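Novice: Per TrEMBL, the feature ATP binding site maps to Gly93, Asp94, Pro95, Gly96, Ile97, Gly98, Lys99, Ser100. Per TrEMBL, domain 'RecA family profile 1' is recorded for 64-212. The region 'Lon-protease-like' annotation in TrEMBL covers 348-453. Annotated motif 'RadA KNRFG motif' per TrEMBL: 249-253, in sequence order.
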Amino acid sequence: MGGLKTIYRCQQCGYVSPKWLGRCPECRSWQSLVEEVTHKASGRLEPHGQAARPLPLAEIPMESEARFTTGIGEWDRVLGGGLVSGSLILLAGDPGIGKSTLLLQALALMSQKKKVLYVSGEESPQQLKLRAARLRIESGGLLIFSETSLEAVLDVIDHSHPQILAVDSIQTMHTMGLEVAPGSISQVRECALRLMRAAKDGNISIFLVGHVTKEGSIAGPRALEHLVDTVLYLEGDRTHTFRLLRAVKNRYGSTNEVGVFEMKEAGLEEVPNPSQFLLAERPTGVSGSVVVCSMEGTRPLLVELQALVGATGWTQPRRTSMGIDTNRVSLLLAVLEKKLGFNFGQQDVFVNVAGGVRLQEPAADLALTTALMSSYLDRPLPQELAVWGEVGLAGEVRGVGHGAARAMEAAKLGFTRCLMPGSNAERLSPDAGVVYMGARSLQDVLRMLFDGT
Ligand SMILES: Nc1ncnc2c1ncn2[C@@H]1O[C@H](COP(=O)(O)OP(=O)(O)O)[C@@H](O)[C@H]1O
Ligand SMILES: [Mg+2]
């Protein structure tokens, strides 16, 4: 018996089958199984240098992890207050969203105090030099290595002992031990595992850049998310300049943190007041436009939401939405029809969130509903109105979290009227300059904003 074995692995979920299948029985994706040749495991533990043994909790020494800050406030905040040495961080996002740009900026700053190695499997040293020049990066100490072979990278780590390492991207790396293409799930996982070992053994902080595939997951599966200490997503719409850096997993900090950046010619710039930035181009006195106060982690964000309702020229009216779930739009249209007698049967409905922001909270429901009402009735909403709240199927307006933080942000930006769930309004202490309108149902909303039309 040789030591080689052929298996078939799903590139989406990692399911392993001894024979090829047209469809993965686990995640049901088609044509996702790829042949792999692996070495059979010996079934015995590799001898460890040091005998590892379990320790009673009380005997484990207390060590507070040392954190290293970059000076990019938004970046440090998302990492939980700085970079922890020996941690493995995945920076994920759509291709072209700005991962390499952000990383190069952060690494350059860190290289002023630490030894930093940037491994690029995508760009040549000349290309990186050009980018650095465009980003006006001056720190010359940053080490650059263009390589896609994991063995070569590990070799360089052994020789140059960096304290911080970045691999851009993990999908371009390959190890000789596996006879499958770079970017396939087993290559990505194997390379990440070996880099993790290097991080823990050498106490190196490692950033892995991961491109998100069409399905929205990293390298097919979410395989890497379980492995790493921290997962950061850089989000945004490529046609807009607004970017959110979000921690979706963090073993060293809160996952409620978001960093806000603007993409500029000279790289990603921190946005100190995101609400103001997002509202800069808001039109005045038009129907269908409303400002929603949405929470991104622990940060309130004021965003403009627009709806356009108009007579359709098609037999089947269109429902299009950008930045908000289309199912949510359909659901709220149904509620408006059933509870308030609106009729969208012959109306096209378009919804858009300004700035390329994606609203994922149910707290955007009430704003979406008021925007739809406003456009349907062709009645503009007051300019100084901010809205938040969840809407149920019975047309009831339900309370949402962080009421006080939302109200404070709205007041800070000069909004003098806030439409919110009744239960939220009850709990707010009165503010002299702001009118809190607590609604319990969509009928209340119609009465408060459109005189019960
Ligand atoms: N010469 C340039 N001038 C201005 N912006 C550029 C230039 N080259 C690239 N960009 C911007 O940088 C983005 C690419 O960012 P990058 O960090 O390479 O993305 P990622 O690493 O996530 O794929 C492009 O989408 C573009 O907006
Ligand atoms: Mg890149």
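Cβ coordinates come from backbone N, Cα and C, glycine included.
Whatever TrEMBL says is automated annotation, not expert-curated.
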Novice: So which of Asp94, Pro95, Gly96, Ile97, listed as binding-site residues, have a Cβ under 6 Å from an atom of ligand 2?
Specialist: none
Novice: Across all the protein chains here, work out how many other Cβ atoms are within 10 Å of the Cβ of Gly93 (ATP binding site).
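Specialist: A count of 23.
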Novice: Count up the helix, strand and coil residues in the region 'Lon-protease-like' (348-453) according to DSSP, in that order.
Specialist: 44 helix, 25 strand, 37 coil
Novice: For Ser100 (ATP binding site), which of the three DSSP-derived states applies: helix, strand, or coil?
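Specialist: Note: Ser100 (ATP binding site) is helical by DSSP.
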Novice: What count of other C-beta atoms do you get within 10 angstroms of the C-beta of Ser100 (ATP binding site), across all chains shown?
Specialist: 21
Novice: Average the pLDDT scores across the motif 'RadA KNRFG motif' (249-253) and report the rounded value.
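Specialist: Mean model confidence (pLDDT) across the motif 'RadA KNRFG motif' (249-253) is 89.
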Novice: For the ATP site (Gly93, Asp94, Pro95, Gly96, Ile97, Gly98, Lys99, Ser100), what does the 8 A shell look like? I mean other same-chain residues with CB within 8 A of the CB centroid.
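Specialist: Those within range, site residues removed, are His211, Leu234.
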Novice: Run through the Cβ atoms and count how many others sit within 10 Å of the one on Ile97 (ATP binding site).
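Specialist: A 10 Å sphere around the Cβ of Ile97 (ATP binding site) contains 20 other Cβ atoms.
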Novice: Among the binding-site residues Asp94, Pro95, Lys99, point out the residue whose Cβ has the most other Cβ atoms within 10 Å, with all shown protein chains included in the count.
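Specialist: Of Asp94, Pro95, Lys99, the one with the most crowded Cβ is Lys99.
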Novice: Give the residue counts of the motif 'RadA KNRFG motif' (249-253) per reduced DSSP state, in the order helix, strand, coil.
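Specialist: Going by DSSP assignments, the motif 'RadA KNRFG motif' (249-253) contains 0 helix, 2 strand, 3 coil.
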